[in-house]
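Single-structure report; data block below.
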Amino acid sequence: MWLIAGLGNPGLQYQNNRHNIGFMAIDAIYQSFSFSPWSKKFQAEISTGLINGKKTFLLKPQTFMNLSGQAIGEALRFYKLDLKNFIVIYDELDLPPGRVRVKIGGGNNGHNGIKSIDAHCGTDYCRIRLGIGRPNSKELVYQHVLGNFTKSDQEWLPSLLEAIAKNIALLIKGNKCLFMNEISQAMKNKNLQ
């Protein structure tokens, strides 16, 4: 069994924010595979399906970003899942828009959602970091992450989300490098990298 969580903030006013790219990726995965209708459990929206023949839970915490670990921790404990079977998808200021990095474990780089998960669950899980870029001034970070994706972002965002959904099974198989290569190739094929 696997748990894939996307980070974001609940509510219509946040749905197109850069900070919600994790939710967007989960929605893309949901639409690409046969998953159950969303239900509410563990302070989250959750759906069940199969990816690569493995039972997989998709989860979108409804606790707001800074408390994401509460919902994720509840789900991991309830399903008795090991951190090696947990993937989280979230926004990354320190990557250019449209870039992706995957790593196991590590620090939180100041991301409050990741801080919360680390505190509630531990640190040895797979992280898919999706670049949203960093504004020129530190004072603009809050406004940037809670700002909506722009029209120019729509040149790369749908392609990135589609590539993640199309290739997520590679991560479940343990092929981190191939996952990264396939996403990079998909973006290059659309002249986006």
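Glycine residues also receive a Cβ, built from the backbone N, Cα and C atoms like all the rest.
On a predicted model such as this, the values are computed, not experimentally measured, just so you know.
Taken from Swiss-Prot as is:
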type: ACT_SITE; residues: H19; note: active site, proton acceptor
type: BINDING; residues: Y14, F64, N66, N112; note: tRNA binding site
type: SITE; residues: N9; note: site 'Discriminates between blocked and unblocked aminoacyl-tRNA'
type: SITE; residues: D91; note: site 'Stabilizes the basic form of H active site to accept a proton'
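For N66 (tRNA binding site), the nearest of the recorded positions by C-alpha distance turns out to be N9; the candidates were N9, H19, D91. In the three-state DSSP reading, N9 (site 'Discriminates between blocked and unblocked aminoacyl-tRNA') counts as coil. In sequence order, N9, P10 are the residues of the chain that are 6 or more apart from F64 (tRNA binding site) and have a CB within less than 8 Å of its CB. Of the recorded positions N9, N66, N9 has the largest number of other Cβ atoms within 10 Å of its own Cβ. Of the candidate recorded positions, Y14, H19, N112, the one lying closest to D91 (site 'Stabilizes the basic form of H active site to accept a proton') when CA atoms are compared is H19. Counted over all residue pairs in Y14, F64, N66, N112, the record's binders of tRNA, the longest Cα to Cα distance measures 16 angstrom. DSSP gives H19 (active site, proton acceptor) a helix state.
The secondary structure of F64 (tRNA binding site), as reduced to three states from DSSP, is coil rather than helix or strand. Cα of H19 (active site, proton acceptor) to Cα of N112 (tRNA binding site): a span of 11 Å. DSSP assigns D91 (site 'Stabilizes the basic form of H active site to accept a proton') to a strand in the three-state reduction. All chains included, 23 other C-beta atoms sit within 10 angstroms of the C-beta of H19 (active site, proton acceptor).
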